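Visitor: I'd like to ask you about the structure that follows.
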Amino acid sequence: MSNPPTYTTSQGCPVSDAFATQRIAVDLKGAKYAPPTGPLLLQDFRLIDSLAHFDRERIPERVVHAKGAGAFGFFEVTDDITDICSAKFLNQIGKKTKILTRFSTVGGEKGSADSARDPRGFATKFYTEDGNLDLVYNNTPIFFIRDPTKFPHFIHTQKRNPATNLKDANMFWDYLTNNQESLHQVMYLFSNRGTPASYRKMNGYSGHAYKWYNAKGEWVYVQVHFIANQGVHNFTNEEAGKLAGEDPDFHTMDLYKAIERGDYPSWECYVQTMTLEESKKQPFSVFDLTKVWPHKEFPLRHFGRFTLNENAQNYFAEIEQAAFSPSHTVPGMEPSNDPVLQSRLFSYPDTHRHRLGTNYVSIPVNCPLKANTFAPHIRDGAMSVDGNYGGLPNYAGAYNCPVQYSTHPNSGKPSSSQLDETYTGEVVPFHWEVVDFDYYQPSQFWKVLGRTPGEQAALCHNVAVHVAAADEFIQDRVFEYFSKANPAIGEKIRKEVLVLSPRDDSPSRL
Ligand code: NDP
Ligand code: HEM
């Protein structure tokens, strides 16, 4: 630094020696190496100021997706899609919007290895003129569950055993084989796409159906796909395992260094659309997160591109404190009735209030930069640091601050479509049972893997080395589970497991 700053306390009081503490009765003249000092003084604010803040440096890590990396960039409209979406940031070809993307693993703690077998989170915040839009996606087009109540149960089985504090192959496979709607996602996870070679070299998918509507209020269901211009590249199970030991932060470093050297990663953005009428003719529910929409019937339509070209200046401030939620949306885009998505709308802001505090929106990275935010009834609370709306009234419609209702510029209708399907019926406790069709897309996925040499074998190998650590009765359930997609899968896994973990009566033991 050419003009280095003077150290101060947190209150700005200059500190003459940053490493000194106030002590009593020091005879500095006598002893050469160990001066006989007296006790410290409680009045030493600069020591207590520093220690007390240090004691509080940690905030709770994310309960899932704790380990991650991110960067800033921009989104650019490439094609006109105003016929299906009236979001302002999409209203002109060439229009650019600042974004922040955070990639993550799901199950591991904040210090866990980047290369772990896991889905990858792919969350992007768009700072639009109508407020912040968060697209909180994964690198897999499907998910493990479709009943939202299962999420905490499922996640617990992928984390540590409460008694041993160890990851537990029995818990892991016990849950999955008892909840077989998971099979499609589990096959994806144990294919080589479960260990991406880089955050830059994987795709992102909305997974859920969302609803987009145009200026006339006409809406369609959509699925969004981000396709990596870097191509999709994966590690083998063994490469990923080796890196976990040798370079656990590999993906974080890879993203950071690529951006530093100007090798900016980018993704093409596509949308699949389905009308309400079409959705009624599908053999699956559009609200079933374990299903994809076949490309042939629902082709991808290009609408944009985004590029990451700027590393964060400060990881904690800008990446750790980033708060994404599927409920942060803009006019033109709405959630569908997918029950998992509906539950997520609640869960994310709820966890932000716990993890970051009630005023998490005031943290600069979460502020709607380009929107004219005006919500003066949302004020006070811990860490109210943005002026707190000064002297403005704390309720809407006050005498000197009349309410202005927002309408769509073309239609004059309310800017949120509020056009929904109509449902009538009794309230029932619904638990989505598994049916034969649930094994159809997994069987198709097995065929897709067959198009590339070695991919089917990799899936079976990757499962076998994991399930070999489970008890025999769980292993047997795993063989049956995969056989539902194709009997060859169960058989290949069984053969390899019996070699890796021979049974008393197996030929390799005799
Ligand atoms: P398609 O043949 O049109 O699509 C297959 C898709 O699978 C590809 O477009 C590609 O999607 C993805 N894929 C290709 N190779 C691999 C691989 N080695 N590992 C993982 N994914 C791969 O058929 P359908 O659309 O009818 O889908 C058939 C099956 O493909 C589905 O059941 C699903 O399991 C899988 N799939 C489908 C997707 C979809 O949205 N329809 C998306 C991804 C997978 P991409 O370009 O997105 O990588
Ligand atoms: C993170 C809940 C399903 C993608 C999180 C977090 C919670 C959570 C509590 C931590 C957020 C934080 O602390 O900031 C849930 C629940 C789900 C669910 C309750 C189902 C009922 C999904 C699905 C996807 C997804 C289906 C993708 C399609 C993500 C991503 C993050 C995340 C990308 C990380 C966001 C970031 O980078 O900060 N989820 N989740 N989740 N979730 Fe989910």
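Numbering starts at 1 and runs along the chain as displayed.
In case you wondered, yes, glycine gets a Cβ from its N, Cα and C as well.
TrEMBL feature annotations, pasted as is:
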- 8-403: domain 'Catalase core' (DOMAIN)
- His65: active site (ACT_SITE)
- Asn138: active site (ACT_SITE)
- Tyr348: heme binding site (BINDING)
Visitor: Please report the distance from the Cα of Asn138 (active site) to the Cα of His65 (active site), rounded to the nearest angstrom.
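Guide: Computed Cα spacing between Asn138 (active site) and His65 (active site) is 11 Å.
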Visitor: So how many other Cβ atoms are close to Tyr348 (heme binding site), meaning within 10 Å of its Cβ?
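Guide: Summing over all protein chains shown, Tyr348 (heme binding site) has 19 other Cβ atoms within 10 Å.
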Visitor: Which residues, sitting 6 or more apart from His65 (active site) on the same chain, put a CB under 8 Å from its CB?
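Guide: Sequence-distant Cβ neighbours: Ser104, Thr105, Val106, Gly121.
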Visitor: So if I draw a 10 Å sphere around the Cβ of Asn138 (active site), how many other Cβ atoms end up inside it?
Guide: 24
